[in-house]
Each structure stands twice: as C-alpha cells, then as structure tokens.
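Lifted from Swiss-Prot, the feature list:
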type    : residues                                                               : note
BINDING : CYS43, HIS67, GLU68                                                    : Zn(2+) binding site
BINDING : TYR49, GLU153, ARG296, TYR297                                          : substrate binding site
BINDING : ILE181, ASP201, ARG206, VAL270, GLY271, LEU272, VAL294, PHE295, ARG296 : NAD(+) binding site
MOD_RES : SER208                                                                 : phosphoserine
MOD_RES : SER222                                                                 : phosphoserine
Amino acid sequence: AKPAAENLSLVVHGPGDLRLENYPIPEPGPNEVLLKMHSVGICGSDVHYWQGRIGDFVVKKPMVLGHEASGTVVKVGSLVRHLQPGDRVAIQPGAPRQTDEFCKIGRYNLSPTIFFCATPPDDGNLCRFYKHNANFCYKLPDNVTFEEGALIEPLSVGIHACRRAGVTLGNKVLVCGAGPIGLVNLLAAKAMGAAQVVVTDLSASRLSKAKEVGADFILEISNESPEEIAKKVEGLLGSKPEVTIECTGVETSIQAGIYATHSGGTLVLVGLGSEMTSVPLVHAATREVDIKGVFRYCNTWPMAISMLASKSVNVKPLVTHRFPLEKALEAFETSKKGLGLKVMIKCDPSDQNP
C-alpha cells in the first residue's frame, strides 16, 4: 500500500469535533474493490452525526463521514469479476453483511446487521481511498458524471419513496419540503409519470429551486393550520393528490399530509422527526389513506443509472457548492447553515471536475 499520508479522511470524533486526518489506505478483501474517491455529497445525516447522533445511532468512536459517493476502481479483490481498475462507479452505501430473511425477499435495507457508510460504527467514504463490497459498486456509463453518480444516493430515496407510494402515470402528488430530499422526490415522481406535483416549504428560495427543477406548483407555508394547507393544495391541483410524500418530519406537516391526501390514497413518511407524533389518525383510517414508512432504499441503483444515462431525470441543478477535500470543514459549515442545496466535496486532487 501507498504511504498513509495519502489517505486524507474527514473524521467525526464526537459532538462538534470534526477533523481531517490521515488514515492508512485499506487493502480490499476478496469480494471488495479499492476506490479512489472522486465526488462525495454532504447529507443532512452527516451534519447530524457531526453534532453527535441521530436517534439511536450515536457516534461512540471516531468515524469517517460521507455516503453519497462515486469514485474509480484502483484495485479489485481476488473474487471480483464484474469490475476492473479504471472503472468509474457509484457506491451504494448499504451492503448487507449476511443473506438473512430480508435479503431473501429483496428488502435488504431492513437487515439489522447491514453495513452502511457513515452510520455508527461503520466508516463512510469522505476520504481519498476507500474499500467497499464490489457487489454494491455500480459501473457508470461514460455519459454519467461522477457528481451524478454521487447523487444517485439521494435520488434513490426519491425512487424508493415513490415506488412505495405507487406513483404512476397521471398522478397528482404533494411533496412536503423543498430540501434535497423533497427535490429528489419531485424528480422521481415526475420521472415515474406524475402529471402534477405541488411542493410546500417555509423557504421561498428553496421553493424557487423546486420550480426550477420541475414543480408544477409551489406553496409557501407561513402560519396556516394543517387543514388550511390541505385546502390550498387541493385548490392548486383541482382535486386532492393521490400521493403525498412527507419529507420534513414536522408534526404539522404530517398532519397536513393526512388532511390533503385523496381518500384511498397514500402518504409516505420520508423525513423523520420526534418518535412520538400527534396525527389525525382516524381521519386517515376512515378515508382509507395508507400511511407508509421508508427506511433508506433498496434495488434502486440500476434504474437510477438508466434514468441518468437516458436523461429522463436531471439531478445536476441540485449541486450548488463545491469544495476540495482539504476544505471539508468549510464545506460542512456551508451545509449546516443551509446556504446551499447540495454541497459536493471533491476528493481527487488531480481531478476536481464534476
């Protein structure tokens, strides 16, 4: 292996304690590949772990951050056949450690022992060199950039949520929240056939971005009641949406989602807030509004790559800021302040292109 000085990594040590450190370059196992990292997006979860925890997931020992990533294969394990050095790949951060009951039914995201980048105690890939399960690295076509490859991870959240919601041709869809996850749900819904999408948020600037990437209607929330929000959504669409995708985790927004959804429709909870939430459950039950949860995603990378390669979805406008790995701390400050939408960290000093 090369000298350790060459694997600069962004490591969280505890609440508020983020450091750039040199780690050794790892050696790939038989079913792994060593990757030279290229582009890694900062996710809200990375910022939360910088503050120490997300719910039951607590940072107890130093952990490398980053899980929205792409890079180039530099070395392959002895049993790897489908990849070779030089291949550009997108990384699916969740790789099951065993073929358990959830893997057998194709819902490996629910496996309790899954490895997941930058979820304690597993290290992520905000570094120069990183090894990963080769079966969860997907080759990128020449017309898909590294940054698009990194954005497959957030896009997958949208694909999985829309799939759980049953979004189909001609649907009217409400997306609550215009942050990165709200916008990938907007993109996925449109790509999957939604005819009209309304996006709600408190922030006018985020809503203008939603409009830019394809929202049919935007609704700026100030202090309306959940029922009033539902009425406004219905007014914009002409009827209630068959599908609501809730990306904020805010109690009043979940309440509005229940009131807004068409009878017999589906509400999917993507953004998560406090564990106990007060909602008009009877209102949902008596109108047969199905409430579904999502946990990350599964089986989305191949279709996301096809969507990007065929230009049926455009994620490029989501990236608003870029920083080299050496300036990762500054990048995290930018992300934390909510100044940009998606902040991208460039890990390859010899190639800082998108």
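Even glycines carry a Cβ here, placed using N, Cα and C.
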GLU153 (substrate binding site) and VAL294 (NAD(+) binding site), distance between Cα atoms, whole Å: 14
Assigned element (helix, strand, coil) containing ARG206 (NAD(+) binding site), judged by DSSP: helix
CYS43 (Zn(2+) binding site) as reference: those recorded positions from ARG206, SER208, SER222, GLY271, ARG296, TYR297 with C-alpha within 10 Å of it: none
Candidate nearest GLU68 (Zn(2+) binding site) in space, where candidates are the recorded positions TYR49, ARG206, SER208 and distance is Cα-Cα: TYR49
Binding-site residues: HIS67, ARG206 - member with fewest neighbouring CB atoms within 10 Å: ARG206
Inter-residue C-alpha distance, GLU153 (substrate binding site) and HIS67 (Zn(2+) binding site) (nearest angstrom): 8
DSSP state at GLU68 (Zn(2+) binding site), helix/strand/coil: strand
